[in-house]
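Quick look at what TrEMBL lists:
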type	residues	note
DOMAIN	53-302	domain 'G-protein coupled receptors family 1 profile'
TRANSMEM	37-60	transmembrane segment
TRANSMEM	72-94	transmembrane segment
TRANSMEM	114-132	transmembrane segment
TRANSMEM	152-169	transmembrane segment
TRANSMEM	209-231	transmembrane segment
TRANSMEM	252-273	transmembrane segment
TRANSMEM	285-304	transmembrane segment
Amino acid sequence: MMELNQDEDQFKTEKSNVSTLIEFILLGFSDVPSLQWMLFIIFLFMYLTILMCNSIIILLAKTDPALQTPMYFFLSNFSFLEVCYVTATIPRMLMDLYTLKGNISVLACATQMYFVLMLGGTECLLLAAMAYDRYVAICKPLQYSLLMKDKVCLQLIAASWISGIPVEIGQTYQIFSLHFCASNKIDHFFCDIPPLLKLACGDTFVNTVAVYVVAVVFVMIPFLLIIGSYVKIICNIMKLSSAKGRAKAFSTCSSHLIVVVLFYGTASITYLQPKSNQSEGIGKLLSLFYTILIPALNPLIYTLRNKDIMMALRKLQNKLLTRWESLK
């Protein structure tokens with residue numbers, strides 16, 4: 001009887017601890033304390049680079065007449081999305097590296113996770129919309145102006161941004177309705193589903209299934225649509241008689257295909273791999289790829305392999321130099 005009372009007291013204590021949980025601790029890179037400042041400088045540089053490069057792409061797409069096409073309209077929106085995406089994680093990570101603390105309230109953690117998931121889902125859908133644009137441009141060039149009117153482009157952009165909002169609100173609510181009685185220490189540098197599920201006590205089967213369903217809808221289905229589009233694109237390109245035409249067609253698609261493979265590859269492994277098989281170190285490394293490294297590489301991939309953007313960049317540089325000389 002006495003043991004039963006002790007068990008009941010222990011259960012009440014655990015239940016009380018669960019209900020009074022007001023913050024988590026993001027462990028981040030605390031396992032390498034000697035590298036904290038070096039990591040701070042590296043990530044700060046990468047963040048500023050992402051902001052600057054994507055801002056330049058947006059500026060060029062808005063101001064240069066040669067870039068007033070659906071392709072660059074999608075690219076400018078993609079650049080804006082990348083800025084939002086990295087801003088959901090990097091500033092918080094920089095603050096934790098600077099203060100050497102990782103305390104984050106439950107509300108702030110839920111908010112961060114919602115924006116990371118929503119913006120990640122938007123990126124998957126937007127990449128699919130960009131693939132559709134390339135498919136129409138190469139496989140149906142005579143119908144391109146009709147199929148990719150301004151209204152259609154705006155609808156594709158709006159659908160990419162809005163579709164994930166109710167889904168990720170529901171998923172975030174579902175995750176934070178769990179009881180976290182094991183620990184409040186998240187072995188990650190931002191609030192993400194896999195490390196949070198590891199802290200949950202009780203049965204998380206329904207949550208795990210929900211993660212897989214959302215990942216299939218927002219990751220796998222768009223990815224398969226992109227692959228299907230590019231199979232048709234490549235078949236159509238191979239039919240071109242002109243070697244120059246084939247090279248130009250490949251150059252306009254290769255940048256997008258590289259970004260798709262990098263982003264979808266790392267995101268798929270993160271959210272479709274069973275959580276029991278994921279080590280914390282591998283999880284962090286994969287997350288660094290799709291939240292920081294790939295967004296940092298995207299502007300370089302799109303600009304260095306795109307003659308139109310390079311030409312627009314030179315024109316902008318010449319304008320600025322001319323204006324600077326006139327002010328002297």
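Every residue, even glycine, has its Cβ placed from backbone N, Cα and C.
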Item checked: Tertiary contacts of the transmembrane segment (72-94) (same chain, 6+ residues out, Cβ under 8 Å) -> 26, 28, 40, 43-44, 46-47, 50-51, 54-55, 57-58, 60-62, 104, 112, 115-116, 119-120, 122-123, 126-127, 129-130, 133, 153, 156-157, 189-190, 291-292, 295, 298-299, 302, 308-309
Check: When you scan the chain for residues with a C-beta under 8 Å from the transmembrane segment (37-60), skipping those not six or more beyond its ends, what do you find?
Finding: 29, 67, 72, 75-76, 79-80, 82-83, 86, 90-91, 93-94, 97-98, 292-293, 295-296, 298-300, 302-303, 309, 312-313, 316
Next item on the list: May I ask whether the transmembrane segment (114-132) has at least three C-beta pairs under 8 Å with the transmembrane segment (152-169), counting pairs 6 or more apart in sequence?
Entry: yes
